[in-house]
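Enquirer: Okay, here's the structure, questions in a sec.
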Amino acid sequence: MTETWDTIADWYAERVRTGSAMHEFARDALLDGLPADLHGQRILDLGCGEGLITRALAMRGGSVVGIDPSPRMIGHARAAEEATPSGARYAVDDGGSLATVATGSVEWVTAGLSLNNVPDLTAAVSAVRRVLVPGGHLVFTVPHPCFEAPRARWSGGADELPGRVVGNYLAEGFWRSANPDGARRAGNQHRMLSTYVTSLIEHGFVIGRLAEPAPDARVLTEQPLRAGLPPFLVISGLRS
Ligand SMILES: C[S@@+](CC[C@H](N)C(=O)[O-])C[C@H]1O[C@@H](n2cnc3c(N)ncnc32)[C@H](O)[C@@H]1O
């Protein structure tokens, strides 16, 4: 069976909710780029999945809508909202168009590990620019493209530091992980770091922050090989 985000939605929701150190680390890396108090701020969470980041933004006081093209992910997000209301709202929509989101309607767009799933980055950044007010912010995370390139693997014997072998960083495009326990079995768009940054600049964003947070103790307990390598890239851009 060829997996999609919709077919792995139940697995993904279960994984996130039973406490995934990597997902919580990625969430917190993104949230670090936003104010602690979001009262009065309208936020779009692009590619919200089952709502991990959307709920956290609502708990900070933001007026948040999460969108995702997977109806099953949105079903999980709505079920969580019903069980424990945070004020977050959800819609099925595609990050490449944001058809359900009005022009100039939000101060913030967040995108946690989702822009690397959108096939057309130019369309997505253009849609993000459209929905943001002038002076609004885009904050997003992607798996670090330099270390999570297609078919990257671990190296290192007993007497060496573990490292990441990346052979085809320059080859952008869709790829699917062969790992049956990995989210990227649903597919992933590999892009160079410069492609993300250039796309923001070309769409009139001023880059405010570029971060490569070091894996924390919880992540290293689960995945000790990751010591010394940042799993995610965080980028913030200000819409001119
Ligand atoms: C790794 S999950 C991240 C979900 C959530 N942001 C989180 O941090 O848990 C990637 C999400 O991107 C979504 N996605 C895939 N294609 C997309 C698109 N074209 N536009 C927006 N989101 C998309 C998937 O459905 C999935 O929910």
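Using the three backbone atoms N, Cα and C, a Cβ is placed for every residue, glycine included.
Remember, predicted model here, so these are calculated numbers, not experimental data.
Pasting the relevant annotations from TrEMBL:
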DOMAIN    44-140  domain 'Methyltransferase type 11'
Enquirer: Helix, strand, coil: count each for the residues of the domain 'Methyltransferase type 11' (44-140), based on DSSP.
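Expert: Here the numbers are 35 helix, 29 strand, 33 coil.
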Enquirer: Limited to the domain 'Methyltransferase type 11' (44-140), I'd like the whole-number average of pLDDT.
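Expert: Across the domain 'Methyltransferase type 11' (44-140), the average pLDDT comes out at 98.
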